[in-house]
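Here is the structure we will look at, set down as structure tokens.
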Amino acid sequence: MIQTLTDLSALRALVNGWKREGLRVALVPTMGNLHVGHYSLVMLARQYADRVVSSVFVNPTQFGPNEDFACYPRTPEADLRGLEDAGCDALWLPDVDTMYPLGTALATPIHAPGVSDVLEGECRPGHFDGVCTVVARLFNQVQPDVAAFGKKDYQQLAVIRQMVADLAFPIEILGGSIVREADGLAMSSRNQYLSAEERPISANIHKVLLQMRDSYAVGTPRAQVEDAASHALEQAGFRVDYAVVRLPDLSEPGDGHTGAHVALIAARLGSTRLIDNLEF
């Protein structure tokens, strides 16, 4: 049966007990309102560890002004049931005072230069500082051997990998594959913001990503690929933040079209901001 913990000393006692037994511990950080994509991360983590801790904490420092912190969906009972079914051993539920004992205004920030300053970093200034700050705190609280993050937040995963390497966290970072609905929409906690009319339109993001991949693969210039993608999304009713092709480290590719690339999209449909990506 899954254990639920709200006290840091109890969490550390549990994890330390596991480690004394020689068990590997994994962490799956979340903000709750969990779906199949989150549960797939628990199952991925289980392949690399003997015990899995998932955290649920809606982190105020990664939300910008006029974003959805206050109304971010919270579904604690369903989350607990789903985590238990997925094989999670412990649920860590810190409150704001535990996570930020000096208050958010005095929290020591962590910034990952370069990778956190482009794309989402330009659209949501300070977002990744909040992500790095809370993830580093979760790492210190749980002391995991392994941590799993979803590839849907491709840039977030890259930012966390950079932070872990630079700050020498002794933690293996796993990237979990994107889990999609039948029509291709990437699963996201924010999908429930979509209206009944918007929901079928939202699947166009994945269709456009596939078009970007196929067009780029036959040698279409990158600028032309990106312009066509933005136009297709706008025609479908989106307001586009970006639709780009990048190298895996999120730098801009040169003239060659060989090697690994990733197409990334962020766009708004009504009041809902959606992000997705496709590696190729």
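Cβ from N, Cα, C; glycine included.
Marked as active site, proton donor by Swiss-Prot: H38. The Cβ of H38 (active site, proton donor) has V28, T30, S54, G82, G150 as same-chain neighbours under 8 Å, each 6 or more residues away in sequence.
Annotation source Swiss-Prot lists ATP binding site at 31-38, 150-153, V179, 187-190, citing sequence analysis. Taking a C-beta cut-off of under 8 angstroms and a sequence separation of 6 or more, K151 (ATP binding site) has the following same-chain neighbours: L157, G175, G176, S177, I178, N277, E279.
The Cβ neighbour count for Q156 ((R)-pantoate binding site), using a 10 Å radius and every protein chain shown, is 22. The (R)-pantoate binding site annotation in Swiss-Prot covers Q62, Q156 and rests on sequence analysis.
Annotation for Q62 ((R)-pantoate binding site): spatial neighbours H127, F128, D129, G130, V131, V134, criterion Cβ-Cβ under 8 Å with sequence separation of six or more. What Swiss-Prot lists as beta-alanine binding site is Q62.
It is 16 Å from the Cα atom of Q156 ((R)-pantoate binding site) to that of S189 (ATP binding site). A coil conformation is recorded for K151 (ATP binding site) in the three-state DSSP classification, outside any helix or strand.
L34 (ATP binding site) counts 25 other C-beta atoms within 10 Å of its own C-beta, drawing on all protein chains shown.
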